[in-house]
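K.L.:
Structure provided below as structure tokens; questions to follow.
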């Protein structure tokens, strides 16, 4: 029996452009995503009966174990890799739930990486990616957590962008925001496009160029998310008034907001002040890559 451990980092949408609502009801998007140091932790005891235990500060919010995406990922893996070795998972849940940072998807991807490892399957194996797509649209990009552009409903991924590290503060006001509610508030009809600038890759991967790019390309889900959860507006305003902050944006469908700073010391200072002012919020200084 082996005991293997994998990080499941928060996925942050640096940009998020909603292009259209497709006839099947899904939304085509384009997004630059990066991954944070803040993470959940997934452990696998190989060859034990398939199961899952959830612990950690966000365990209660994660919901019933049977509904967890980790078990769905294991089931999908077993379908695509007949006779695969499985095992018992433990999820240490640290990230907030329904927060716009892909926690559940990253957990599932970490579980798939561990299953691939004990079954000697490469990360680029088509069976692994097929299993990831079955579990959820955000799972494929989390399999190899590096900054990329994701398109379609999340299934089309660029090569790693090699972005310079971005120093950030992640803030979640502990208000769960269901993604379906945000898209419902966005209000696109089937077949309808959303007007806006074309989504483009940064011209350069250096920090200054990326920051200039992010100023021009925002998150189309911010307005509807702020309607669903007005507390997001207060988080953004609080971060925007901090002198070290260079850009404030919501990630995904919310409610997590990130603020970018010039260096890790500035991020830590902002995080300390916000956490002191709002001790009930989840606040983490981090590096996005």
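Glycine is treated like the rest: Cβ placed from N, Cα and C.
Reproduced below are the annotations present in Swiss-Prot:
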{"type": "ACT_SITE", "residues": "11", "note": "active site"}
{"type": "BINDING", "residues": "96, 97, 98, 99, 100, 101, 102, 103, 104, 105, 106", "note": "ATP binding site"}
{"type": "ACT_SITE", "residues": "138", "note": "active site"}
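What's the neighbourhood like for each of these?
P.N.:
Secondary structure from DSSP puts residue 11 (active site) in a beta strand.
Mapped onto three states, the DSSP output places residue 100 (ATP binding site) in coil.
Around the Cβ of residue 138 (active site), the number of neighbouring Cβ atoms within 10 Å comes to 26.
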